[in-house]
Every structure is written in structure tokens, then in C-alpha cells.
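*Asks:* Let me give you the structure first, and then I'll get to my questions.
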Amino acid sequence: MLDIKQLRTDFDQIKEKLAHRGEDLADFDKFGELDQKRRELIGKTEVLKSRRNEVSQQVAVLKREKKDADHIIQEMREVGDEIKKLDDELRTVEESLQHILFSIPNIPHDTVPVGETEDDNVEVRKWGEQPAFSFEPKPHWDVADELNILDFERAGKVTGSRFVFYKGLGARLERALYNFMLDLHVDEFGFTEVLPPYMVNRASMTGTGQLPKFEEDAFKIREEDYFLIPTAEVPITNMHRDEIIEGEQLPINYAAFSACFRSEAGSAGRDTRGLIRQHQFNKVELVKFVRPEDSYEELEKLTNQAEKVLQLLNLPYRVMSMCTGDLGFTAAKKYDIEVWIPSQDTYREISSCSNFEAFQARRANIRFRPEPKAKPEHVHTLNGSGLAVGRTVAAILENYQQEDGTVIIPEVLRPYMGNKEVMK
């Protein structure tokens with residue numbers, strides 16, 4: 001949520017920046033009108049309340065003097081009725097304003113490239129060499145089928161499309177990956193490990209920005225106002241909802257492993273095979289709470305920490321700076337890390353690292369005290385995937401496949417897989 005004071009003072013400048021996102025700004029235009037109406041209603045109400053207080057004092061004086069106060073009492077009732085009417089109108093206006101505030105996306109940072117689609121994203125850097133195969137590389141689902149480690153068909157029978165059973169070495173590879181990722185982030189980078197709930201309430205989904213705008217993308221629990229988490233970002237960020245953090249505690253860094261659940265609304269026909277786009281998948285999520293002046297330095301650090309996973313796995317990747325039209329609703333700036341997928345001859349997203357500035361903190365009322373006894377301010381929140389586990393499995397199966405159908409296990413994972421060197 002944007003700062004309402006900033007919206008009032010910098011309305012035209014903010015509107016210009018939001019226009020680069022390609023958003024419909026009809027609601028945004030209504031903000032100025034409604035905010036002006038709100039202030040007028042508050043002014044009228046305050047005048048009437050002041051008048052009511054004066055009349056109340058006059059009634060008290062007349063009653064003490066045993067004089068007739070009926071005409072003044074009647075005036076007080078009329079003033080009270082008018083106040084109630086204005087209060088009701090004010091409540092309606094404030095609800096409309098709140099709806100608009102919750103529907104306005106974050107303001108892009110000045111360093112975000114201006115563009116409309118993913119084609120306008122800007123490559124920041126590349127790492128690693130793409131493998132040179134002496135044979136036609138297979139897609140990961142075919143590699144997995146030969147190894148008998150992933151079962152999409154039976155998962156489709158048990159649940160439906162976009163689900164999978166991991167079996168044998170496939171399950172062990174998945175487990176090895178998220179344990180390796182957590183160990184790296186906790187032991188080397190100093191994150192605090194958290195195992196979160198997989199269901200959250202409406203306030204939590206609103207706090208991180210999934211609601212109200214993207215409710216159709218979420219899995220809702222019938223007859224309960226709970227949602228399956230689309231990412232551990234939601235419960236972890238909301239751990240500190242409605243809290244004031246002492247400044248010396250910052251930065252706070254959390255690493256969380258969880259299953260994630262997404263309806264993939266609007267993705268019909270895309271990535272219908274394999275692990276790239278599933279309704280349920282595992283992910284290691286990194287969440288940071290930082291001082292505002294440190295947040296962009298922390299974004300670079302967060303991105304490097306996610307990259308380190310791919311470097312240790314020796315998987316080639318590139319880092320992309322998302323343009324204004326591909327930024328996402330909540331981010332002020334976002335990097336996507338894309339891993340090389342040989343069978344598709346392209347890079348695919350495996351991590352997003354975002355700085356939300358105070359956008360989520362304002363929605364979730366997360367503040368910090370810069371100095372002892374100082375007035376609380378909103379923290380800046382960041383999050384990144386460190387990494388999406390299923391997509392990492394796909395990248396390993398494709399980049400490490402051999403002509404005989406076996407798959408070399410990355411060296412860093414071997415201690416997690418009983419020191420096996422090859423999947424066969």
C-alpha cells in the first residue's frame with residue numbers, strides 16, 4: 001500500500017510512474033476526488049461536533065437555572081442526526097478509499113527499466129557455461145521417466161493435472177536440494193530457519209499483497225477464511241504484522257522451506273508437461289526486514305545469496321532486471337534469476353528477488369523504532385526464492401543428463417545422497 005500523504009503531495013508524479021506499469025489507472029484517478037470529499041466531510045463533522053458541544057453546555061446551564069431548554073435540546077438532536085448522516089457518508093468514502101489504496105500497485109524504483117512485457121527485461125549478468133552435448137538433450141520429464149523417479153500419470157489419477165509423485169532417487173534428490181539450500185542460507189549466510197504454517201488467514205494474504213486483487217489465483221479453504229500459501233513469503237512476512245521492531249534487531253533474515261500452492265489461473269496451455277509449472281511445489285524462501293536506507297544494498301545481497309545456490313550446483317544462469325510492465329504488483333524493483341534449460345534452448349525463471357520497500361509493511365502495519373524512544377517508521381521488506389526446488393530438479397536432470405540416460409549428481413549434493421555420484 002502506498003503512503004496516502006505521498007499520494008496527496010506527489011499525485012501527478014506517482015501517476016506518471018504507475019502508467020509505465022501498463023495498469024488501468026481509473027481507480028487511481030478516483031483517489032483524488034474521494035480524498036478531497038473525505039477531508040470535506042471530516043471538516044463538516046468537526047464543525048457540527050463543536051456546535052453540539054456548545055449546545056450541550058448551554059443545555060446544562062439552562063437546566064441549572066431551571067429555564068426552558070427544549071428548543072436547544074431539539075437543535076442538539078438535529079445536529080446529532082446530521083453528524084450521524086455525515087459519519088455514515090464518511091465511512092462509505094473511507095471504505096472506497098481503502099479499496100483503491102489496496103488496488104494500487106507499488107511505485108517502480110527509478111532504476112527499473114521502462115517496458116511493457118518480458119521482452120523489455122534487461123539482462124544484468126550471466127554465469128556458467130551451457131553444457132555441450134554430443135546428443136540431442138531430452139526434456140527432464142523424459143529423463144525422469146527413464147530413471148523411474150517422477151510419476152505424473154499416477155499423480156494425475158490421484159489428484160489431477162500439474163501434480164507429481166517423486167519416487168526413489170527423485171524424492172531423495174528433492175530432499176537433498178532443500179536441505180542443501182537451507183544449510184547454505186542458515187550456516188553460511190546467517191539466516192534464521194523457520195518452518196511456517198501452510199495455511200494463512202485473509203489478513204495475512206492482504207498484508208503481503210495477494211489479496212484482494214489476486215484472490216482467483218489462490219486456493220481457498222471452503223467454509224473457512226483460510227488460504228493455502230502461494231509462497232512462504234506470506235506467513236513469514238506476517239510473523240511481524242502489527243508489531244514494532246526495535247532498530248537494533250534489524251536486519252532480520254529468515255529462511256523457510258515450504259510447499260507452495262498456486263492455481264496457475266491464466267496459464268492454460270503453458271508448460272503442461274514437467275516440473276516447471278505445478279499446482280503444488282516446494283521452495284526455500286528468503287525474507288528480509290531491513291532499515292529503509294539499507295534495502296537496495298540488501299536486494300543485491302539477497303540476489304547474490306540466491307545465485308550462490310546455482311553456482312555451487314554449477315548450473316548456468318542469468319540475472320534479469322524486470323521492466324516496469326513485468327514487475328509484479330508489490331515490488332518496487334525485482335530481479336529474476338533464470339536457469340538454463342537445454343531441451344528448451346532457453347533460460348527459465350528459478351528465483352525472483354524483490355524489494356517491496358514499505359509497500360507490504362504499510363499493509364501489514366510492520367514498523368521499527370530507528371532509535372530507542374523514537375517515533376516508529378515502516379520497515380522495508382524483501383524476499384527471494386532460494387530456490388524453487390522442483391525447477392532446480394528439472395535443471396539438474398537436463399544439464400547433467402548423459403547419453404546413456406544416467407544423470408550425474410552435482411558434487412555438492414553427494415553428501416546428501418549417500419555419496420552417490422550417478423542417478424541410474
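Residue numbering: from 1, along the chain as shown.
Note that Cβ sites are derived from N, Cα and C of the backbone, with glycine treated the same way.
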*Asks:* Report the candidate from S134, S161, S385 that shares the L-serine site with T231, A232, E233, E285, as recorded in Swiss-Prot.
*Replies:* S385
*Asks:* Determine which residues of the same chain, besides T231, A232, E233, E285, S385, have their CB within 8 A of the center of the CB atoms at the recorded L-serine site, and list them by sequence.
*Replies:* V234, I236, A256, S258, C260, K283, V284, L286, V287, N383
*Asks:* On a count of neighbouring CB atoms within 10 A, which of the binding-site residues E233, E264, E285, E349 is highest?
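*Replies:* Counting Cβ neighbours within 10 Å, the top one is E233.
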*Asks:* Based on Cα distances to R262 (ATP binding site), point out the closest of the binding-site residues T231, E233, E285, S385.
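*Replies:* It is T231, whose Cα lies nearest.
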*Asks:* Hey, how far is S263 (ATP binding site) from T231 (L-serine binding site), Cα to Cα, in Å?
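*Replies:* Computed Cα spacing between S263 (ATP binding site) and T231 (L-serine binding site) is 12 Å.
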*Asks:* Determine, to the nearest whole angstrom, how far the Cα atom of S385 (L-serine binding site) is from the Cα atom of I350 (ATP binding site).
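*Replies:* The Cα atom of S385 (L-serine binding site) is 8 Å away from the Cα atom of I350 (ATP binding site).
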*Asks:* Report the largest Cα to Cα distance, in Å and rounded to a whole number, among the residues R262, S263, E264, E349, I350, S351, S352 that the record lists as binding ATP.
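*Replies:* Max span of the ATP binding residues, Cα based, is 19 Å.
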